[in-house]
Amino acid sequence: MSGKAQIFKQTGVRWLWLALVVFLADIGIKFIVMENMGYGWANRIEVLPFFNLLYVHNYGAAFSFLSDQAGWQRWLFTGIAFVVTGLLTYWMSKLPAAEKWNNVAYAMIIGGAIGNVFDRMVHGFVVDYLDFYWGTYHWPAFNLADTAICLGAAMIILDGFRKKEEEK
């Protein structure tokens, strides 16, 4: 077996399939939203008393961070996503495939990051469509990629606590 095949079989790189699934699901949902929903608040679909589907453009990062800037943030966030994707992929190549928790976390972040980079490169903005609210307060709209990134980051944080508990 070649060295590259062994790396793929025995290391966390094997979990990159999950990043691909997250990426494909993210761009697939965004395509459906763009093709089937009208843009903006007036075209929202009220699903639950605290949740709407809503097609909006986000020129910033997760939860509209820096969306009011002049456009430089598109390139900043794209660069950050490439660096993070490279680092996480490298770390996955050093982790055993059996270490599922961190590999899944890294793959989710990679898939989400690539999904949002795809939007920035193709559209010049990120498509957001999930709108949660309480009363009149609305959390900034977000998408599957943002969700995957946040869940992956939360898993990494939780892993830090798990390891400290195991050491005691």
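Cβ atoms are placed via backbone N, Cα and C, with glycine included.
According to Swiss-Prot, the features are:
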type: TRANSMEM; residues: 15-35; note: transmembrane segment
type: TRANSMEM; residues: 47-67; note: transmembrane segment
type: TRANSMEM; residues: 75-95; note: transmembrane segment
type: TRANSMEM; residues: 107-127; note: transmembrane segment
type: ACT_SITE; residues: D128; note: active site
type: TRANSMEM; residues: 141-161; note: transmembrane segment
type: ACT_SITE; residues: D146; note: active site
What residues in the same chain, six or more past the boundaries of the transmembrane segment (107-127), come closer than 8 Å to it by Cβ-Cβ distance?
15-23, 26-27, 30, 33-34, 55-59, 74, 77-78, 81-82, 84-85, 88-89, 92, 143-149, 151-153, 155
Work out the three-state DSSP category of D146 (active site).
helix
Of all the active-site residues here, D128, D146, which one's CB has the most other CB atoms within 10 A?
D128
Measuring Cα to Cα, how far is D146 (active site) from D128 (active site) in Å?
9
